[in-house]
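A quick write-up on the structure given underneath.
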Amino acid sequence: MQNRLTIKDIARLSGVGKSTVSRVLNNESGVSQLTRERVEAVMNQHGFSPSRSARAMRGQSDKVVAIIVTRLDSLSENLAVQTMLPAFYEQGYDPIMMESQFSPQLVAEHLGVLKRRNIDGVVLFGFTGITEEMLAHWQSSLVLLARDAKGFASVCYDDEGAIKILMQRLYDQGHRNISYLGVPHSDVTTGKRRHEAYLAFCKAHKLHPVAALPGLAMKQGYENVAKVITPETTALLCATDTLALGASKYLQEQRIDTLQLASVGNTPLMKFLHPEIVTVDPGYAEAGRQAACQLIAQVTGRSEPQQIIIPATLS
């Protein structure tokens, strides 16, 4: 059986010093791109990751997990992270934060760095474009949040249920001309599932659907709300709080105050600025807690990967 390679071995095979290998492992500056690529190629060729004892000697915690968010400024993801952190701290784990910016390539790079650092596990906020092959190494030590993948642990929101709750509330209030502002179907959860839930409710209750799917940004809500407002429209359902905030700004500027807004999110900013908007809480805080607890249970051998659905509740 082949002996495990050490940092000294990687340095020798790469033709560099041990300190250079250490800087590459920790993704630190001070290493040329050419040298970094040469060291990484050697590590990948030999499947190298530092031992826990080596990490401890470098002053690193023996219990480290990573949280990869899509955007550091995401209101919903921050609500989930706020409940993850105490759960990890309580069990002695040091969390590190990374950002994917909805880039599968960045996720792959982050996972490569984390693999080389031999961390304990990862919570990954999922999005369209992440493949199961990309995650293969992490099957027993990763939890996906807001997306699911076969064979992997996941914590997902009930997207269809959230829309159904809001549509039912608006319908019960007497609204029969309910428009929809959402996200393209390339986003499977926030986009496709929520829009299809809106269409299904309209079909079941014989309502005429009027929808636009511009994207996630507040500005897109602002710029596209006029496309879904007809003279008959009495209510507007937005797939996210950010879209609702953009739509609300447009309606205020146009002095339209008879339209009932509804949205999925219930973030603190929305509740403070627009308490009149009907919202559902998808369970961001609970999802964060569940994701942290599931990951800890997996890496300590107390649980196999499980798929968890967080129910939405009317705020």
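Cβ atoms are placed via backbone N, Cα and C, with glycine included.
Worth saying up front: this structure is predicted, and the values here are computed from it rather than measured.
Residues annotated as DNA-binding region in Swiss-Prot, with sequence analysis given as evidence: 7-26. Secondary structure counts, DSSP: the DNA-binding region (7-26) has 16 helix, 0 strand, 4 coil.
Secondary structure from DSSP puts Asp73 (alpha,alpha-trehalose 6-phosphate binding site) in coil. For 71-77, Gly126, Arg147, 187-190, Arg194, Thr242, Tyr284, the entry in Swiss-Prot reads alpha,alpha-trehalose 6-phosphate binding site, with the evidence type experimental evidence.
Secondary structure of the domain 'HTH lacI-type' (5-59) per DSSP (helix as H, G, I; strand as E, B; remaining residues coil): 36 helix, 0 strand, 19 coil. What Swiss-Prot records for 5-59 is domain 'HTH lacI-type'.
In the predicted model, the DNA-binding region (7-26) has a mean pLDDT of 85. Around the Cβ of Glu77 (alpha,alpha-trehalose 6-phosphate binding site), 21 further Cβ atoms fall within 10 Å across all displayed protein chains.
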